[in-house]
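Student: Feature annotation from Swiss-Prot assigns FAD binding site to 6-35; the stated evidence is sequence analysis. Per Swiss-Prot, the feature active site, proton acceptor maps to His475; the stated evidence is sequence analysis.
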Amino acid sequence: MSQEFDYIIVGAGSAGNTLATRLTEDAGVTVLLLEAGGPDYRFDFRTQMPAALAFPLQGRRYNWAYETDPEPYMDGRRMECGRGKGLGGSSLINGMCYIRGNAMDFDGWAELPGLEDWTYLDCLPYFRKAETRDIGPNDYHGGDGPVSVATPKAGNNPLFHAMVEAGVQAGYPRTEDLNGYQQEGFGPMDRSVTKNGRRSSTARGYLDQAKKRPNLTIVTHALTDRVLFDGKRAVGVTYLVGDSEERVEARARKEVIVSSGAIASPQLLQRSGVGPRALLESLDIPVVHDLPGVGENLQDHLELYLQYACTQPVSLYPSLLWWNQPAIGAEWLFNGTGIGASNQFEAGGFIRTRPEFKWPNIQYHFLPVAINYNGSNGVKEHGFQAHMGSMRSPARGRIQAKSKDPRQHPSILFNYMSTEQDWQEFRDGIRLTREIMAQPALDPYRGREISPGAHVQTDEELDKFIREHAETAFHPSCSCKMGTDDMAVVDGEGRVHGMKGLRVVDASIMPLIITGNLNATTIMIAEKISDKIRGRKPLPRSTAKYYVAGDAPVKGKPMREVKQG
């Protein structure tokens, strides 16, 4: 059985759905969109209710549930590496934090050969094109894009405001918009949530526009086996449907576009014969093209939580108690309001820990409850926590296919905490977080430090806590990087070096990880490259101003000094 389309897109995630929607705006263009997972069931509260964000990570229906190899600098821990499965990809299971990265990230990309048109001002029009912000557009934000973005509102949890004030009292800037003129500092955090309180995945935002178009064919439960080649040209794919072992073939007249994410995209290329020769030969995979960078340069964000007891009954602890959950669910289901309608990450911040960092190297998410991100180990009392993580670790990992079998997960190694900079940033980060948490704004709420605990003070004690408790922020990227050097996989338009009719478009093509959550930037990348594929002129460069710290001090004098070990 064979079918023919102009474009085949492998992966209906944040990038794939964006591409499928934009390419099929041209009525004469046919697109096949393949997704290994199932539909984004709209009546499943686990993916649709923002406050239920921990649930999809606990099962396998919506989560690939990858695990790393034993991480050598983390006491040999096998670390969780959840990725979204189903229409929407990781936008179906992520934390819905709408953060774009720092302007300097993109200006840094644009300094690399071949990526000159990836400056922040080149990218900003595509961020705006993708977005509808609930309080309206401005120079930084869009008003009629597919991604619904909600801003924190008056009357939300008082802990959000106290934590932002504490950051300012500790000597850091205040910012009104982490995606606007100035990322650096503390302020309210936007989220990818609709005005009706539903998750704004790319399945909802993009595919809802496109799925009824006659020129778009969507196949779910379709696991792509490999890309087919005629010489160095990609001409199609084979895929498996459900549990079947029968391979279905589809042909691409123009291009095969791999949008399977930073774990699966390099794995698919390797299984198809595009990758490091030695690896392919060791797996008995015929080499179509020796491309050593496929699966290399893997990057992620690591984070940990500092948890505190809350002395006033204002945290979300009661919402964890089963007898309170039916009322929360009913208010969300029928009104789209209440605790269920927010991811509860409504405040955050970005800071520099040392003067040598030209832009922030630490991100904060504040949460008005003490619990693990995946919903486990909830503290049995009122509490709150700060998620703290480093943004641009020098650590580099890799993805390697283990066999030709598309159902076998690849070997994943991030090499977390493999450099001295990593340890320095996390030690600094914990100590600076404690200083923030000790400021007067939190006096009405702050109880004892639950985790790590006030007794954990020395470098050695902090390092032990980091090794045992740091977790992924679920931001794998950069494993098929853009560029022109020997380890680059694609050019600045996502075209695979040395091949024809083959692109990669997703978070794997970032050359360097960004400062913040990845989803908004992944969508922007797909918006930008879709114009290239369609032969359209790029959107005019923005003229918006943006903050550069320059010689500004890392922080001012804190209102309350804290002595630490």
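Glycine is no exception: its Cβ is also placed from the backbone N, Cα and C atoms.
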Student: Work through the binding-site residues one by one (Ser14, Thr30) and point out the residue whose CB has the fewest other CB atoms within 10 angstroms.
Tutor: Thr30
Student: Going by DSSP, is Asp26 (FAD binding site) part of a helix, a strand, or coil?
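Tutor: Assignment for Asp26 (FAD binding site) reads coil.
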Student: 10 Å Cβ neighbour count around His475 (active site, proton acceptor)?
Tutor: 24
Student: Counting only residues 6+ away in sequence within the same chain, which have a CB under 8 Å from the CB of Asp6 (FAD binding site)?
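Tutor: Sequence-distant Cβ neighbours: Leu23, Val29, Thr30, Val31, Ala252, Arg253, Lys254, Glu255.
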Student: I need the CA-to-CA distance for Asp26 (FAD binding site) versus His475 (active site, proton acceptor), whole Å please.
Tutor: 32
Student: Would you identify the secondary structure of Leu34 (FAD binding site) according to DSSP, in three states?
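Tutor: In the DSSP reduction, Leu34 (FAD binding site) maps to strand.
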Student: Let me spell it out: for each of the binding-site residues (Thr18, Leu34), count the other Cβ atoms within 10 Å of that residue's Cβ, using every protein chain shown. Which one has the most?
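Tutor: Of the binding-site residues Thr18, Leu34, the most buried by Cβ count within 10 Å is Thr18.
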Student: I need the most crowded of these binding-site residues: Val10, Arg22, Asp26. Count other C-beta atoms within 10 angstroms of each C-beta and give me the top one.
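Tutor: Answer by Cβ density within 10 Å: Val10.
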Student: Is Asp6 (FAD binding site) helix, strand or coil when read with DSSP?
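Tutor: It is in a strand.
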